[in-house]
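Annotated features in Swiss-Prot:
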BINDING   589, 590, 591, 592, 593, 594, 595, 596  ATP binding site
């Protein structure tokens, strides 16, 4: 195959982006060649053609984003190669360059993104120490986490619902195995070596300004280098890194996030969806962060609660505040798109609409007495109001983005174009009179430009200054010096409008960039106001109460499960009292009675209080917990080769390793994955260890043997779920009371589940026979006997 200059250009650029699908701009299409073309054809279901024996597939340039989305979602990295000059202005081969590399974590466009954060995670490891940096390129957010605990790192990666992992070569196999559905890319070690990247990106004189470890600084350098690589720019929109520290925030393992249904996942209804009545995209993202990172500083928690209380107490102004917030646009993402030169005219309109609300917002905020005034960039607002059309159509350069009156020069060229048709009509009429040809027409086409068309019957009347341009079957077309001059002016006007409007739009964007810091500060404050006002709205809507904090007391009166109550009629409220002396609760009762719901609701109420939310209870006095741990449900890890029992023991090992006297531990059916004898023994030993440790524990179990702990340890109290029997029917009241369950009601639960009557009746027969056998053998009924055999020996 003979290689043309165009193909040489393609191959040279492709060599630099071997691991990407290269979309190469050719006129009105982006083309892919060779193996890339086959992938594009298959994924996008478009025709595979050939050019000089090279497989080729193309997509229209104006539909790039919709096709790009499909390629990225299919797990491909895509390099966009654009024409860097107008074809009409270049007689040689058009200059082309890659303008961006698109990966799941480097997306900026609204049509690709949901309101939630789109996190890329850069993971590094050095001598057993892990560093993870989460970056949302669309908002500029950068979060840093360090740990010597590999599992803690994996938990955080899971909690953040990451879209992409970037890591050194040696970490890729294990991370790919742990997160098979996440796009994972390895980068060479030199990405981590240039710490000057950090200084340049943040304009620092001293790299230690951020107080990050050496490993964290290297990981931050790798992030910066990678974002520069994908965005093809030296100018980045990255906020200063925020350290996720256990000193400031509660660290939640992935089991707890899943077991308490904190955020959207595989389990359907969740706390985030219940609380998320936010009015802004920034607020929704911040609320999720607050849920995943509850505060551990009592003063900070109480400050949030006091603000929520102020908002609750002034419902009229709260409603007006939320109405105003509903008009706020996604300022964070707009600033990012402007910074990376990816903004569209609608972004500037959205920014203007947000800034216009600020004076009224400040007026309302002042009535609560707890908020500072939002900054108000009046000059920027004035520019946006004068420069950008209220409803811009098309792209910059098409003449419908910049307002009339902003640029006299642009208006002059627009006037010329707008009056062109009128001028042509006048010219046509003048020529008809001059020549006496009544059917003379003035027209235009893209090939020949403007022309005068005369039928062959009138050719004898044409003046000497008519220059022939084209001969048709029944007519001929001509040009005159005057029409040629008019055409030149019109074409120049079109070109100049395109150049001018693009330039003016760019200038406005540059002005927005100058206000980046103040705009991001406004966005941050608006997000906080939105979340706090949402928590106030939730408190009113769901009848929540303000929690009070104490040193060691946990007292909940009329507590409710915030998720279950939203989807259940007549939810049964429950009480709990624990303190430093009575801190371990064993809860027995049958399946379906509500043990699991109860212990989860205690965990959720505690967590909600520590994000600054009112809670679903009549009264709540709570300690500030450093961690909330959960061990619930039976699940295996087939991919990791771990049985249900091994998963259970791994989770318990984490709790025993990490819990302190300030932790809340919620256990549900620990020890059920092995034999009864082993299970009871392990559960008892774990209970002893947790009692000694001093943490607060709620342990829901079917092992009634564990209720004997109360006789040996004064810290233990027994609770059960009240069950009423009416004949052969049982009623689960879901009410937690003092005491011990005397029956498991397993057969009754099986009956409710729809097990056939013949099986239920047989189960009753076996139960009765075994009960008699045990009574004869032991001389009395033993509630703590070993598990009864199903069949007679």
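Positions of Cβ are set from backbone N, Cα and C atoms, glycine also.
Between the binding-site residues 589, 590, 594, the minimum number of other C-beta atoms within 10 Å of a residue's C-beta occurs at 590. Note: residue 596 (ATP binding site) has non-local neighbours 632, 668, 700, i.e. same-chain residues 6+ apart with C-beta under 8 A of its own C-beta. Highlighted in sequence order, 700, 721, 732 have their Cβ within 8 Å of the centre of the Cβ atoms of 589, 590, 591, 592, 593, 594, 595, 596, the residues recorded for ATP, and are not part of that set.
Using a 10 Å Cβ-Cβ cutoff, residue 593 (ATP binding site) registers 26 neighbours. Highest local Cβ density among the binding-site residues 591, 592, 595 belongs to 595, counted as other Cβ atoms within 10 Å over all protein chains shown.
The DSSP secondary structure for residue 593 (ATP binding site) is coil.
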